[in-house]
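Asker: I have a structure here, written as structure tokens, and I will follow up with some questions on it.
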Amino acid sequence: MMPKRFNTSGFDTTLRLPSYYGFLHLTQSLTLNSRVFYGARHVTPPAIRIGSNPVQSLLLFRAPTQLTGWNRSSRDLLGRRVSFSDRSDGVDLLSSSPILSTNPNLDDSLTVIALPLPHKPLIPGFYMPIHVKDPKVLAALQESTRQQSPYVGAFLLKDCASTDSSSRSETEDNVVEKFKVKGKPKKKRRKELLNRIHQVGTLAQISSIQGEQVILVGRRRLIIEEMVSEDPLTVRVDHLKDKPYDKDNAVIKASYVEVISTLREVLKTNSLWRDQDIGDFSYQHLADFGAGISGANKHKNQGVLTELDVHKRLELTLELVKKQVEINKIKETDDGSSLSAKIRVRIDTKRDKIPKHVIKVMEEEFTKLEMLEENYSDFDLTYNYLHWLTVLPWGNFSYENFDVLRAKKILDEDHYGLSDVKERILEFIAVGRLRGTSQGKIICLSGPPGVGKTSIGRSIARALDRKFFRFSVGGLSDVAEIKGHCQTYVGAMPGKMVQCLKSVGTANPLILFDEIDKLGRCHTGDPASALLEVMDPEQNAKFLDHFLNVTIDLSKVLFVCTANVIEMIPGPLLDRMEVIDLSGYVTDEKMHIARDYLVKKTCRDCGIKPEHVDLSDAALLSLIENYCREAGVRNLQKQIEKIYRKVALELVRQGAVSFDVTDTKDTKSLAKTDSEVKRMKVADIMKILESATGDSTESKTKQSGLVAKTFEKVMIDESNLADYVGKPVFQEEKIYEQTPVGVVMGLAWTSMGGSTLYIETTFVEEGLGKGGLHITGQLGDVMKESAQIAHTVARRIMFEKEPENLFFANSKLHLHVPEGATPKDGPSAGCTMITSFLSLAMKKLVRKDLAMTGEVTLTGRILPIGGVKEKTIAARRSQIKTIIFPEANRRDFEELAENMKEGLDVHFVDEYEKIFDLAFNYDH
């Protein structure tokens with residue numbers, strides 16, 4: 001389809017691009033006085049800076065292909081935009097609201113506002129968006145538009161110190177303001193203003209004003225006659241007409257033909273102008289068009305604008321267009337050949353390390369790349385594909401360090417405590433040393449939040465001298481994030497595994513899958529199933545990424561996963577992992593971490609010196625036990641930071657910290673180094689302040705007092721801790737000094753670690769045959785069943801111990817577990833419930849320093865439980881000295897640190913009879 005011709009009846013046609021190119025609405029033509037002008041109505045996005053492109057008047061024509069991946073059909077759509085012609089024959093197009101007046105009446109002499117252009121002159125026939133920051137100028141432009149005289153003069157700024165700026169964006173935004181001359185007599189100001197701009201410019205019509213952006217359409221040449229006013233700069237101008245010339249002159253014709261021939265070479269390299277018909281342009285229009293689309297500098301273009309001899313103007317344009325042809329040829333060579341050469345160098349460099357099946361694919365794609373033109377969309381796709389293939393670290397491995405002593409030192413530096421976890425990691429490294437490699441193992445670090453799972457993974461990588469890459473899979477629901485997108489999708493990319501190898505630059509990094517228990521799942525696939533191929537040692541040697549479509553070797557990668565709850569990990573995935581539990585930190589470990597790490601780090605981060613504040617050990621202990629009982633130390637760090645922020649505010653209010661004695665009014669006179677400020681006396685500081693700000697005597701006295709004031713060291717202990725962190729979050733768990741009849745202390749495991757739990761029983765009513773049990777406390781099904789079993793076992797034991805006691809047969813009982821708002825479940829309270837029932841039946845108190853835990857069977861056997869470490873910590877926190885554990889948990893308790901076991905009287909039982917003796921026969 002050939003470009004349509006336009007008549008000169010004043011119609012204009014707006015070509016609207018698809019919605020995703022909706023920021024640009026191009027006006028195909030603006031006709032006036034048998035001329036066609038380029039125009040635009042649009043809102044320029046922030047990424048497009050007007051006036052900086054070598055072809056600034058065409059920037060918005062080029063913007064779609066620069067900012068988006070247009071295909072050929074899109075370029076064809078925009079290519080059929082205008083016929084730059086003064087012919088009136090052709091087909092009438094549908095009219096829209098005309099930008100230009102259909103019947104303009106312009107005098108040869110006009111008074112217009114002069115707008116300075118910093119980067120390039122406005123060539124007649126082209127449009128140019130500019131930014132106007134000056135409110136007076138902007139208001140004047142809007143007023144001229146309302147009065148049906150939307151014309152201004154556009155003049156190129158001369159090169160001078162007052163307008164040059166190191167920041168191009170600053171020049172664009174403030175060029176009108178910088179153009180002003182201040183502090184000189186009126187006559188000199190006017191003369192200097194006129195000397196700053198070229199006298200020959202362009203009469204421009206205001207196409208639209210949107211905010212601070214004004215779109216100008218070049219109309220004709222003009223020259224400044226005189227200045228009318230300064231603010232805004234208004235000048236009287238005259239139109240410049242081309243000198244007469246002979247169209248039949250052979251020399252002019254030859255220049256015209258040569259310009260057309262050369263210009264067509266330029267148009268071929270620009271997909272937006274490739275279909276432009278320039279054969280029917282007039283001589284002067286052809287010269288202007290060639291200069292406008294060339295990448296010439298502003299001085300060359302100003303020369304074309306100033307030249308009124310059409311033949312000389314054609315010669316100037318021919319010079320510019322020839323230079324543009326040479327530039328385009330060099331650019332084609334650089335963009336096409338150099339890109340191909342880079343790919344070839346990469347392939348040849350790594351050829352010995354790249355697998356043969358990958359080399360075959362690379363060669364096929366490289367051959368295809370050499371046959372494609374750079375402007376084709378397939379060129380970018382092929383280059384991108386080869387780029388990813390060639391940047392992967394084929395055969396590049398980092399040296400693995402299996403020094404166990406070094407690894408232990410690194411783990412101790414990064415983490416305090418966690419001795420069992422460190423020991424397990426050292427075992428893993430030792431096995432790797434004997435085997436010569438650590439591949440084939442997948443470690444899963446399981447534990448509550450804040451215990452250091454992610455940082456341990458990073459420490460393992462540092463100990464092994466492997467590169468580290470963290471991939472958070474929490475909430476991940478798209479398989480393509482792992483295995484990549486197919487190349488047929490727009491914006492396709494490789495998966496995270498390929499991106500990881502590219503990022504770290506080695507083929508044997510340590511990849512950490514963070515929060516693997518929180519994987520999502522949706523219609524796009526199951527990421528957990530995709531991870532099976534990634535982490536399975538039998539499959540990941542030939543891992544297939546959908547984007548690359550070639551197999552890559554992940555068998556040398558060491559995978560480490562982190563999870564809070566391993567039960568949430570799919571079974572097949574969990575089966576491939578070796579789980580290491582991080583149960584958390586005990587109080588002693590938290591104290592060391594807080595004192596040796598967290599407090600020091602927070603001091604540095606808050607800019608507080610150690611001599612400014614004293615945080616006592618008692619305050620830290622109270623903070624740990626009453627505010628931060630969770631297994632990790634993340635919340636403990638937050639609370640310490642909260643304390644030191646308040647301390648910082650208090651110190652600043654006291655004037656204890658140094659302040660910056662500077663003032664923006666005179667930065668040179670106040671510039672002092674830190675050491676100089678420290679050596680300065682108060683009087684010297686006051687002199688500087690007085691000279692810079694002119695403060696009154698009263699103000700100087702106050703500031704002197706502020707600097708000279710001595711500060712009081714902030715003391716924080718258990719008594720005033722609440723002033724910094726608020727009231728305690730956790731109350732003391734021990735409710736009773738001596739538990740009453742029917743009340744027994746049990747031990748429970750929670751996500752916060754461990755806690756004590758009271759089991760309370762009382763009777764509701766008594767009467768012959770009214771025996772029964774009512775349960776409250778938001779208990780789960782397992783715990784309710786455990787209560788029923790405990791009730792039955794207690795009746796049996798009571799019948800054996802005291803056959804005449806009919807308490808259970810004639811009493812309706814109510815069992816309650818306090819903190820009813822907290823859901824509770826689990827079987828480990830069975831023995832505690834039995835003891836509570838028996839205490840009520842015998843009306844006998846249970847030993848006051850006793851806590852117990854253990855699941856009970858219907859025959860009275862005690863079964864093992866979990867969370868021995870956490871429950872032991874909870875017992876110590878409540879000053880419990882005697883603990884009853886199931887016999888099967890003896891080994892778990894013996895593995896605990898000595899400081900945790902110290903001072904405890906622990907009994908291990910396998911049947912309830914032993915618990916009965918410990919709980920009720922304490923007198924003996």
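Including glycine, each Cβ sits where the backbone N, Cα and C put it.
Positions annotated as transit peptide by Swiss-Prot: 1-63. Positions annotated as domain 'Lon N-terminal' by Swiss-Prot, on the basis of sequence analysis: 112-325. The ATP binding site feature in Swiss-Prot is assigned to Gly447, Pro448, Pro449, Gly450, Val451, Gly452, Lys453, Thr454. According to Swiss-Prot, the domain 'Lon proteolytic' annotation covers 738-922, on the basis of sequence analysis. Here Swiss-Prot flags Ser828, Lys871 as active site, drawing on sequence analysis.
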Asker: Measuring CA to CA, name the entry from the recorded positions Pro449, Gly450, Lys871 that ends up nearest Ser828 (active site).
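Answerer: Ranked by Cα distance from Ser828 (active site), first place goes to Lys871.
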Asker: Taking the Cα atoms as reference points, how far is Lys453 (ATP binding site) from Lys871 (active site) in Å?
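Answerer: The separation of the Cα atoms works out to 22 Å.
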Asker: How would DSSP class Lys871 (active site) in three states?
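Answerer: Note: Lys871 (active site) is helical by DSSP.
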Asker: Determine the most Cβ-crowded residue among the recorded positions Thr454, Ser828, using a 10 Å radius around each Cβ and all protein chains in the structure.
Answerer: Ser828
Asker: On a simple 10 Å Cβ count over all chains shown, which one of the binding-site residues Pro449, Gly450 is most densely packed?
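Answerer: Comparing the binding-site residues Pro449, Gly450, the most crowded Cβ belongs to Gly450.
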Asker: Taking only the Cα atoms, work out how far Gly452 (ATP binding site) lies from Lys871 (active site), in Å, as a whole number.
Answerer: 21
Asker: Based on Cβ atoms within 10 Å, give me the single least packed residue among the recorded positions Lys453, Lys871.
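Answerer: Across Lys453, Lys871, these recorded positions, the one with fewest Cβ atoms within 10 Å is Lys453.
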Asker: Val451 (ATP binding site) to Lys871 (active site): how many Å between their Cα atoms?
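Answerer: It is 18 Å, counting Cα to Cα.
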Asker: Tell me the Cα distance separating Lys871 (active site) from Pro449 (ATP binding site), rounded to the nearest angstrom.
Answerer: 18
Asker: According to DSSP, does Lys453 (ATP binding site) sit in a helix, a strand, or coil?
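Answerer: Where Lys453 (ATP binding site) sits, the three-state DSSP reduction gives helix.
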Asker: By the count of other Cβ atoms within 10 Å, pick out the sparsest of the binding-site residues Gly447, Pro448, Gly452.
Answerer: Pro448
